[in-house]
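Student: For reference, TrEMBL lists these features for the protein:
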type: DOMAIN; residues: 26-474; note: domain 'Major facilitator superfamily (MFS) profile'
type: TRANSMEM; residues: 19-39; note: transmembrane segment
type: TRANSMEM; residues: 80-98; note: transmembrane segment
type: TRANSMEM; residues: 110-130; note: transmembrane segment
type: TRANSMEM; residues: 136-157; note: transmembrane segment
type: TRANSMEM; residues: 169-187; note: transmembrane segment
type: TRANSMEM; residues: 199-221; note: transmembrane segment
type: TRANSMEM; residues: 282-306; note: transmembrane segment
type: TRANSMEM; residues: 318-340; note: transmembrane segment
type: TRANSMEM; residues: 347-368; note: transmembrane segment
type: TRANSMEM; residues: 383-408; note: transmembrane segment
type: TRANSMEM; residues: 420-441; note: transmembrane segment
type: TRANSMEM; residues: 447-470; note: transmembrane segment
Amino acid sequence: MPAVVVSGSGENQEFEGRITVYVIVCVIIAAFGGLMFGYDIGISGGVTSMDDFLKKFFPAVFEKKHHALENNYCKYDNQFLQLFTSCLYLAALIASFVASKVCSKYGRKLTMQIASIFFIIGVILTAGGINIEMIIFGRIFLGFGVGFANQAVPLFLSEIAPPNLRGALNISFQLFITIGILVSNLINYFTTNVHPHGWRISLGIAGVPALMLCLGSILICETPTSLIERHKVEEGRKVLRKIRGVENVDDEFDSIIHACEMAKQVKDPFRKLMKPVSRPQLVISICLQIFQQFTGINAIMFYAPVLFQTVGFGNDAALLSSVITGLVNVFSTVVSIYVVDRAGRRILLLEACVQMFISQVIIGIILFKELKTTGDNLSKGEAIFVVISVCTFVMGFAWSWGPLGWLIPSEIFPLETRSAGFAFAVSTNMLFTFIIGQAFLSMLCQMQAGIFFFFAAWVIIMGAFTWFLLPETKGVPVDAMVDKVWKQHWFWRSFMIEDDRPDVKVV
């Protein structure tokens, strides 16, 4: 399948090439970085609901959980318990800026290898933890791994993919995140009854995807863009031939050369990001990450077992309900892979806003009317309806704000600011994931059912932002965004007046 090159003059030319088996293998191996991230998201909530884990590290929470008169919304409200989950994302925030430099100087491949090593160290510390300090220190190493992986993998996928399939291949990262969440929920379901070390098994298995990424990354290639950017020009040409499956790659190769030459003119990409010409990409990337977290998705995924126990499910039933939402998450992401390069980015985001808003409001109304602070939980029918509403919410998120929150920032920055710009996106995501992870259980305790109305209000803001300020990027080559997207947009074109780049072919 040919990719398309677009020149500044607006002429289109098709590159020679096809999707090769080697590219598919590279995509799958790189996407194991998403599996690491997803497994951790799912495993944290399950482990923090296990009695053996709570008794060892959080005895006060264990006592509150089993207290007959305890507030239904406040069973798990404990700052140290939330810190166990959220400290990873604070570490990932810091690591993402270091990873940006490593990514540019040493390549995407090495950055992914470093990510897997950090993650393996973190797994050893958490699974073997004997005190709270040890497991939190392990979580910090996991965070370093997540920060490096989330920086390198989406860039790797965007640069190795042809423009007409960039969306689908890039979303494989999000697909593996959802698979990781599902696998972790299944493992939690079985290990919750393995006493007293079931939680160690759950945390230890996190090392499997990290090991797969570490070993698999030895087999994959570096991206042609990264090789050429680091002056390995002939090696870049050789890799380009390999991933496209043809000998004649001169046009695409010349396009990458031009893009790299322009990138070299920018000595300080972070300073370039602060200029008005970079404002559209930076604002959209940061806002997408903030909005992605304020949908409430990670609050639900982190603490799904806790949430389902709150509304009345037993521990096993709560974990099983999490497995159901995990399955919905995976299959809905597959839908996104099929649709994103056909329907486009905007329509998926806007449709999901409607779907998520309705789901959040329904959950909030049921809990507000039926779940009191103390006493009985919801009836079985009401609890099941909450699970259905959560699944509907997850479905909308999984084919829109989940994958596109990573895809769009990875494709809208020009090469000269791509790594630095994506570092801002990753760090913003980690910052707000940390904030939500640290605050959700306290917010649930204080706001009770109102927390779902809080997230629903944010969905309205997200929809308005998408409608007015997010342009369509479907099928537009990565380095043609300025001419084909930003200079055509009713609002963002006013920021392009400083763009004095020459009229050259771009990828």
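Cβ from N, Cα, C; glycine included.
I would like each feature placed in context: is it buried or exposed, what are its neighbours, and how far apart are things?
Tutor: Residues 40, 44-45, 48, 57-58, 61, 118, 132, 135-136, 139-148, 150-151, 302, 423, 426-427, 430-431, 433-435, 437-442 of the same chain lie 6+ residues outside the transmembrane segment (80-98) yet bring a C-beta within less than 8 angstroms of a C-beta in it.
Panel annotation: around the transmembrane segment (110-130), residues 30, 33, 36, 57, 95, 99, 102-103, 137-149, 151-153, 156, 200-201, 203-204, 206-207, 210-211, 213-214, 217-218 of the same chain, lying at least six beyond its termini, place a Cβ under 8 Å from a Cβ of the stretch.
Same-chain residues lying 6+ beyond the ends of the transmembrane segment (199-221) with a Cβ under 8 Å from its Cβ atoms: 22, 25-26, 29-30, 32-33, 35-36, 39-40, 43, 46-47, 50, 52-53, 109, 112-113, 115-117, 119-120, 123-124, 126-129, 142, 145, 149, 180, 184, 187-188, 191, 239, 242-243.
Remote same-chain partners of the transmembrane segment (347-368), defined as residues 6 or more beyond its termini with a Cβ less than 8 Å from a stretch Cβ, comprise 295-296, 311, 336, 339-340, 378, 382, 385-386, 389-390, 392-393, 395-397, 399-401, 404, 448-453, 455-456, 459-460, 462-463, 466-467, 470.
Nonlocal intrachain contacts for the transmembrane segment (383-408), taken as residues 6+ away from its ends with a CB within less than 8 angstroms of a stretch CB, comprise 150, 154, 158, 166-167, 170-171, 173-175, 177-178, 284-285, 288-289, 291-292, 295-297, 300-301, 304, 307-308, 311-313, 321, 324-325, 328-330, 332-333, 335-337, 339-340, 345, 348-349, 351-353, 355-356, 358-360, 362-363, 366-367, 377, 429, 462, 470, 473.
Outside the transmembrane segment (420-441) by six or more residues, the chain places 76-79, 81-83, 85-87, 89-90, 92-94, 96-97, 99-100, 104, 143, 146-147, 150-151, 154-155, 269-270, 272-273, 278, 281-282, 285-286, 288-290, 292-294, 296, 298-299, 302-303, 306, 405, 409-410, 413, 451 with a CB less than 8 A from a CB of the stretch.
Here the transmembrane segment (447-470) has Cβ contacts under 8 Å with residues 73, 283-284, 287, 291, 294-296, 299, 345-346, 349-350, 353-354, 356-357, 360-361, 363-368, 371, 373, 401, 408, 440, 491-492 of the same chain, all six or more residues outside its ends.
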